[in-house]
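Listed in Swiss-Prot for this protein:
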BINDING   GLY155, TRP156, SER157, GLY158, THR159, GLY160, LYS161, ASN162  ATP binding site
CARBOHYD  ASN110  N-linked glycosylation site
SIGNAL    1-21  signal peptide
Amino acid sequence: MFLGALWLLLLLPLRPPGAQGQEADEPTPWPSVKGLKEQLRKAGALSKRYWELFSCTLWPDHCEDQETPVPPLGWSLPLWGRRSLDVLTAWLCRFQDCCSGGGDCRISNNLTGLESDLRVRLHGQHLASKLVLRAVKGYLEMPQVGKALALSFHGWSGTGKNFLARILMDNLYRDGMRSDCVKMFISTFHFPHPKYVDTYKEELQRQMQETQWRCHQSTFVFDEAEKLHPGLLELLEPYLEPRSPEARGVEAPRAIFLFLSNLGGSVINEVVLSLLKAGWSREEITTQHLEVPLQAEIMEAADSSFGSSGLLKKHLIDHFIPFLPLEYCHVRLCVRDAFLGQDLPYTEETLDEIAKMMTYVPEEERLFSSQGCKSISQRINLFLP
C-alpha cells in the first residue's frame with residue numbers, strides 16, 4: 001500500500017514523454033494507443049527508478065552492492081518529481097537518522113577527541129582518564145563483544161565523575177547526553193520510593209530494551225548508584241552477564257553501563273593522603289594502591305545494596321575507576337575553565353581568590369577540596385562587574 005501511494009505521488013508531477021530535458025512550453029503529442037503498452041513499461045521503469053533513488057537517499061550503503069547501474073530512461077526526472085522525492089525523504093528522516101555516508105550518524109566514536117578532552121578538560125584524574133580511555137577504546141575496537149562494558153566510577157562529590165561521563169558521551173555520540181542512544185537515571189530522582197520498585201523495574205526494562213533495539217551502541221548511566229534498590233540492581237544483571245556460547249557467533253548490539261557513586265570516596269582520600277605524606281607524587285599513584293581497599297569498602301558498605309549485589313558478586317563490573325580528591329591547583333584550573341566557558345575575562349588574582357573560597361580538608365593539611373569543583377560557577381557570579 002505504501003509503495004502504491006508512493007508510485008502515484010511520484011508520477012503525478014511527470015511531464016509527457018519527449019526529448020530529454022524538454023521544457024514544459026514545448027508541447028509533444030501523447031502516444032497513440034499502439035504505443036500505450038510501451039509507455040506503461042517506461043512508467044513502471046521510472047517508478048522503479050524513483051524507488052531506487054529514494055532508498056539510496058536514505059540507505060546509501062545498500063546501493064554500493066548494485067553490480068549494474070540503472071540504465072537511462074527515455075523520460076527525464078522532472079523537477080517536481082525530484083521535489084516529491086525530497087519531501088518524502090525529509091518526512092521519513094524525521095523518524096530515522098539519515099546519513100550521507102551510510103551507517104548510524106548518531107554514533108561518532110571520536111576516540112581521538114576523547115583522548116584530547118580527557119587530557120585538557122579533566123583535571124587531577126590521571127588514573128580515571130587512562131583507565132576509561134583504555135577500556136572504552138578496547139571495547140569499541142573489538143570485532144565482536146562477549147558482554148556489555150560496565151564501568152563503576154567512585155570518589156568524592158565534585159571530583160569529576162559526571163563530568164567524565166559527559167565528556168565520554170560528547171565524543172561517542174553526536175548529540176552527547178541528549179542522544180537517543182543514551183539514557184541517564186538518577187536514583188533519588190527516577191526511583192525515589194521503594195514501594196514503587198515493581199513499577200520502576202517495568203519502566204527501566206522498557207526503556208533499556210527500546211534503546212538497545214533503536215541503537216546498535218547504547219549507553220546507560222546510573223548516577224547515585226549506591227542508592228539503587230536491590231530489585232533494580234538484580235534487574236540489571238542479565239544485561240551485564242556474558243553472552244552464551246551459542247549466541248557469540250551472532251553480532252550483538254554494544255552497550256556501555258556507567259555507575260557513578262560516592263562509595264569508596266573516603267578510603268580513596270585516606271590512601272592518597274598517606275602516599276602524599278610518604279613522599280609520593282600524585283602522578284605516581286597507581287590503581288594497585290587503590291584497587292583492594294576501594295573494593296573492600298564498596299562491598300562492606302552497610303547502607304548500600306550496591307556492594308552486596310550480584311553485579312559485584314558475579315564480577316560483572318569490568319573496571320572500578322577511582323577519582324582522586326582535588327587539590328588547590330586543580331580547583332584553580334576549574335575556575336579558569338568556568339570563566340573561559342562563559343567567555344568572561346579574568347585575572348590570576350581572581351582565580352586565586354575564588355579557589356581559596358573553597359573548603360579544604362583535613363583540617364591540619366588542608367590539601368583536598370571538600371566539594372571538589374562543585375559550586376564554582378555560582379562563585380564566579382560574585383566577581384562579575
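The first residue you see is number 1, and the count goes up from there.
Just so you know, glycine gets a Cβ as well, placed from its N, Cα and C.
What you are looking at is a predicted structure, and each value in this text was computed from that prediction instead of being measured.
Known features from Swiss-Prot, placed on the structure.
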| residue | record | Cβ within 10 Å |
| --- | --- | --- |
| ASN110 | N-linked glycosylation site | 15 |
| GLY155 | ATP binding site | 27 |
| TRP156 | ATP binding site | 24 |
| SER157 | ATP binding site | 14 |
| GLY158 | ATP binding site | 22 |
| THR159 | ATP binding site | 32 |
| GLY160 | ATP binding site | 26 |
| LYS161 | ATP binding site | 27 |
| ASN162 | ATP binding site | 19 |
CB-centroid shell, 8 A cutoff, ATP site GLY155, TRP156, SER157, GLY158, THR159, GLY160, LYS161, ASN162, site residues removed: PHE163, ASN262, GLY265, PHE323, GLY372, LYS374
Rounded to the nearest Å - Cα separation of GLY155 (ATP binding site) and the residue listed as 'N-linked glycosylation site': 26
